[in-house]
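J.: This is the structure I want to talk about, given as structure tokens.
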Amino acid sequence: MLLHIPALFEKDEVRRIREALEQADWADGKITAGYQSAKAKHNLQLPEGHPLAKEIGAAMLERLWKNPLFMSAALPHKVFPPLLNCYTAGGSFDFHIDNAVRQPKGSIERVRTDLSATLFFSEPEDYDGGELEIQDTFGTQRVKLPAGDMVLYPGTSLHKVNAVTRGARYASFFWTQSLVREDSQRALLFEMDGAIQQLTHDMPDHPSLIRLTGTYHNLLRRWVEV
């Protein structure tokens, strides 16, 4: 399942974040890549623990845990602290699959990467190229969203960032360990939750609503890992 989550940040917030990122001291993006990924990765990144990365990451997490679309689709258990990257002219990240487990720097906590996400901080017209290209059961999708918008997709997906040929592409990326490991089960629960919410709006007194809600929670009980 690939999901577009709009307006996690408002435009004025994005502008302030981008201005701060433009003034930041960036490091080689290979610092967080695995052995295979490092050979394919050509970008810049704020080091883990960088004050600006921590500030932006905390603001992102605050919004994510309050976002109904993210909560319904991801069913989050743990979220890896968001990282920040920058692609300038010539920057790219060839096809790869994210590591299955990530460990934040200085932490004993481990996060299984069930879901990957990218939050865009540059407007599409500010750079050429730089599309996030994702291959999975839903086919091949090229994603280049407005600043402040986010895309959520399975961590098992083969994906790349196409070369930037003009401008700069600022973004955040992170991973989520879901309460439900299997993507097809999460997709089913997401569809069911959406149907329940729509039915609640259209026919709040319908007798089937309680039964459908009960079925949703019984499926959660069967599939959730805590």
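In case you wondered, yes, glycine gets a Cβ from its N, Cα and C as well.
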J.: If Swiss-Prot says HIS96, ASP98 bind Fe cation, which of HIS4, HIS42, HIS50, HIS159 does it name for the same site?
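T.: Only hit among HIS4, HIS42, HIS50, HIS159 in Swiss-Prot's Fe cation site, alongside HIS96, ASP98: HIS159.
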J.: What's the CA-CA gap between HIS96 (Fe cation binding site) and ARG169 (2-oxoglutarate binding site) in angstrom, rounded?
T.: 19
J.: Sort out for me which one of HIS96, ARG169 has the most neighbouring CB atoms within 10 A, since those are the binding-site residues we care about.
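T.: Highest number of other Cβ atoms within 10 Å: ARG169.
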J.: Just the number: how many Å between the Cα atoms of ARG169 (2-oxoglutarate binding site) and HIS159 (Fe cation binding site)?
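T.: Checking the Cα atoms of ARG169 (2-oxoglutarate binding site) and HIS159 (Fe cation binding site) gives a distance of 17 Å.
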J.: Using a 10 Å cut-off on Cβ-Cβ distances across all protein chains shown, tell me which of the binding-site residues (ASP98, HIS159) has the largest neighbour count.
T.: HIS159
